[in-house]
């Protein structure tokens, strides 16, 4: 353990140095390591992607980048810490879906979609609706017909109330006017096991998690929640929800954010640097390995993306009744 | 036999020098990660991910897998020496292991734990080699009703693990169940018993609870002992290792524990922990030396340690053949695979035969390295106990706090740790056994989620639980056990009232 302790001590030391050091004038930015705060435990795709960005970032940013993990409160702790960080450009937060979603669901300290500064979007992946290959429905139309004829009979799995996949499935149910029942699971693996054993009828999931089962022919994807058909030939012939007549676009995405109020030129340096990192072939390879499509979006566009997504989620949460049910129980 | 030929090819690949070095590095780091509570497999793999970028995939995977199963060897060390469980799977090892250490048999306990881990780990790999695909299908057959049934039966059978008053054990178990309800409600997403405190929103971390009640609680208990400097006499090298008697008593528990662990490893959820409880309960039932239990019975170390190693080996089966991690550490191992562009799943054996079989072969080698590495270290670790308590205990407290912090990088958890340290201390002083509390806190969430899922799946018809073959059998067994207990209780009452009070039956 000594070895990893040493590394940890090193990380902590650089972090402390990063936080405690006096503000430096803008023209010499960056003059010390930049910290990326990740709101997940080590090892998940958000963490691994951040580590790959950090690894490949040094030549592009002109300084080293370190990753620290601050899991807790579904990632809100890390967002709060990013928002509260010194406005000197040495603290960056890994941003993902809950940034726009969490403020709508509960009393978060900030509305992250407006209280953080967008740096860059680097990758995204659509949710897909997947069923067991032996299921009696082989297309989205069959699925919807079956659900219409047998209200409440189809059970679908999700990995937590108010997660993107749960909301997307409820949105589908609302658009298609069908009654399907939600079964909560404690993570993706048990949920996929339940689908493989046909204990549940369908799941809305990140395609990476089921990729090998799709290849093996045990799981079939009925539709993808992307704007354009997915380029992977594995999903050739699978329609998007929009193509199938249901207006549903829902992406899992990975990007980076900074505290509001950092100097304009520092923000610009960060945005330029992250653009180069995100388009570096080495980073692109990791993005793909983590199951995301490389999907670069610059800071200003990304900020607008947050606003738009949050507005759309607000509508969906109201339409599906998720917001009302949460608020009613809070009372 | 085709598998055998492929395995030989795998050995060819994994016996390359750089791959043996990778296995050595992996299991060494894994053992060390297991030794220090809190800093687990996850942190270690995460730190090594960037370093592994330059390696070829097989080499990297051999290293990551080595960390994964190597940690199971290290996990028992702090449990036995200082009563601090590094992870859920070594909670049970503490019960007898720590008592053995206090009797001066720490070396024997450590050595048996290493040997048991080696035997069960190797048997686990043999299982993976020959019967992985059909076993993966078994995992799929288990659905939410089965998880519920296993958790329910587990609570029933395992609560009074350490003996003593059944009423007190049930009370502790219920408190554990209550602790398990803190945090987010599965069905509605609302935070229960959070009292507006941010840190409670994610629930209480099971590991922090057990590190508190056992580890910190023990430190406090030692402080309160008057003559706390127990002079451990210098042990001769020969006495450091298990004697013939101890070895003989451990053989059957190791095989039985390995079998239990293997079966449980196929079930999603932190199966390693349940299998250790189950193995302990079984060995205690079978033992002819009841009086030794709770005072350092070696079977109580051998069985559970074998069980958690077999479970962690068998968890590799769903991971490799379904691509599904059944535990948090397996999830991290999966990340390690993915970063090298390897996606485990049903196709892995056919698309990457060299990699798959090379990895399996490396697990045979790695387990052997673990044994060779661990046995000589036994003496070194056992000598830790010669340190005077007034120096040892502050170090233990420091290690416990560091471990609890590194787990989630949360200062709040340190508060939780302290609270449970005092709670554990007072409960222990008042004669309550803490294992049922840990069991309740561990199985509670599983029980609840299984029930909720079953209710949705069956549209609220709970009777379905009793009619499914697997879940039904387990639950009817539980009902029969409760019936038997009530029957025995009534019979005893009747006897006591009819005969003389002298009649004291067992």
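Cβ coordinates are placed from backbone N, Cα and C, and glycine is handled just like the others.
Matching B:354-377, B:378-401 against TrEMBL, the residues noted as transmembrane segment span B:354-377.
Within its own chain, the transmembrane segment (B:322-342) is flanked in space by residues 40-42, 45-46, 49, 52-53, 57, 60-61, 64-65, 68, 71, 136, 139-140, 265, 267-272, 312, 315-316, 348, 352, 355, which lie at least six positions past its ends and keep a Cβ under 8 Å from the stretch. Counting Cβ pairs under 8 Å that are 6 or more residues apart, the transmembrane segment (B:138-158) and the transmembrane segment (B:470-490) reach 3 or more and are in contact. Of the Cβ pairs linking the transmembrane segment (B:61-85) with the transmembrane segment (B:354-377) and spaced 6 or more residues apart, 3 or more are under 8 Å, so the two regions touch. When Cβ-Cβ distances under 8 Å to the transmembrane segment (B:354-377) are tallied for each of B:106-132, B:165-184, B:204-224, B:470-490, the top count falls to B:106-132. Remote same-chain residues near the transmembrane segment (B:204-224) are listed as 37-38, 82-85, 87-88, 91, 94, 98, 179-180, 182-183, 389, 393, 396-397, 400, 403-404, 407-408, 413, 416-425, 427-429, 434, 437-438, 441-442 (criterion: CB distance under 8 Å, separation of at least six residues from the stretch ends).
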